[in-house]
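Quick paste from Swiss-Prot:
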TRANSMEM  17-37  transmembrane segment
TRANSMEM  66-86  transmembrane segment
TRANSMEM  90-110  transmembrane segment
TRANSMEM  129-149  transmembrane segment
TRANSMEM  162-182  transmembrane segment
TRANSMEM  197-217  transmembrane segment
TRANSMEM  232-252  transmembrane segment
TRANSMEM  261-281  transmembrane segment
TRANSMEM  286-306  transmembrane segment
TRANSMEM  340-360  transmembrane segment
Amino acid sequence: MLYFLAEHLAKLEFLKSIYLRAFLGFVISFCIVLFAGRPFIKYLKIKKFGEEIRDDGPSSHFSKKGTPTMGGVLIIAAVLLTSIFINDLTNSLILLVLLSTIMFAAIGFIDDYRKFTVSKKGLAGKKKLLFQGAIGLIIWAYIYFIGLTGRPMVDLSLINPISAYPYYIGAIGLFFLIQIVLMGTSNAVNITDGLDGLAIMPMIICSTILGVIAYFTGHTELSSHLHLFYTVGSGELSVFLSAVTGAGLGFLWYNCYPAQIFMGDTGSLTLGGILGVIAIILKQELMLPIMGFIFVLEALSVILQVGSFKLRGKRIFKMAPIHHHFELMGIPESKVTMRFWIGTLIFGIIALGAIKMRGIL
């Protein structure tokens, strides 16, 4: 809407600035979540959409029972409303991301809603993967039939995060890469969302870093200087991601310890999906695990725990995901969360540093 006005009114030409719209996107989405947060929490309490706590979890978590969940509805609503207002809606990349966001949100919402109306287990795991796979198919079809960079060799390649060298993997290889990235990221963020504020801050950091990369890849000179693959219109993604960052920070206001609300699968699956989709568009599939190392660590801890128990009958950790392991070691929840935040910040800096190293190694 704002971009449309700038296109048709000469006096508002300045509103086309990516810097200005990114700033506005951050502020608007932050304010929406911040000011709508209290009444939304009150509404969820009235509807009794409260968190269920696993019986075998840390005893300190029993006090969280009944804490409103489905806060992801507020986050995603703020992001979508802000994006519609400030983004260029004729940009095909933005439309692709908006469509993906809505589809991931639908999966998460159905999962959350079923937990209160049908079964505490929510949507079956196989159905989740099936729906996530369908989103991956749409992303793959777009890249294969339309393209991103205008260079098929790049579009159908896996990019080395350090040297920026493209390894051609073809259409079939790209299909499986997209499925792994989308399912992996979406579910990893979901797994991480187990402590107050634990998932949202790493999400904010990763969103900010991807926003910076999106701006670089949409700029001919900067992308060339940093050995990134120029993608027409990707600068708009930095505007979208600023809205994600703002909404995330607004949510943290209520989600930090002790949490007044949880994001639920509506939030975690969708936010993880957004990271995955944009990383694919920007050809940063291998950079994402670096900046999102905490998400990778959490997912790996679950995989290793389940695998070890099935193969050896023994557990590696006191409890998985690994944040519960640290809790059972006697480390306070707030300290575990803060240390994970610090770890994400460190790996985020490493990811940005890796971009600068391109062309040197």
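Using N, Cα and C of the backbone, Cβ positions are placed for all residues, glycine too.
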Do any residues, 6 or more residues outside the transmembrane segment (340-360), come within under 8 Å Cβ-to-Cβ of it, and if so which ones?
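Sequence-distant neighbours of the transmembrane segment (340-360): 161-164, 197-198, 201-202, 205-206, 208-209, 212-213, 216, 226-228, 287, 290-294, 323.
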Give residue numbers and ranges for long-range contacts of the transmembrane segment (66-86): same chain, 6 or more residues beyond its ends, CB-CB under 8 A.
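Same-chain contacts beyond the flanks: 1-3, 21, 24-25, 28-29, 32-33, 36-37, 40-41, 44-45, 49-51, 94, 98, 101-102, 105, 108-109, 112-113, 239-240, 243-244, 246-248, 250-251, 254-255, 259-271.
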Thinking of Cβ pairs under 8 Å, which stretch from 17-37, 129-149, 261-281 has the most of them with the transmembrane segment (232-252)?
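The stretch I would name here is 17-37.
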Out of 17-37, 90-110, 129-149, 197-217, what stretch is closest in contact terms to the transmembrane segment (286-306), meaning most Cβ pairs under 8 angstroms?
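So the stretch in question is 197-217.
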Counting only residues 6+ away from its ends, which parts of the chain sit with a Cβ under 8 Å from the transmembrane segment (261-281)?
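Non-local partners: 37, 40-41, 44, 51, 67-73, 75-76, 93, 96-97, 100-101, 103-105, 107-109, 111-112, 122-123, 128, 132, 135, 139, 143, 148, 177-178, 181-182, 184-190, 192-193, 199-200, 203, 206-207, 210, 214, 231, 234, 237, 240-241, 244, 248, 251, 254-255, 287-288, 292, 295.
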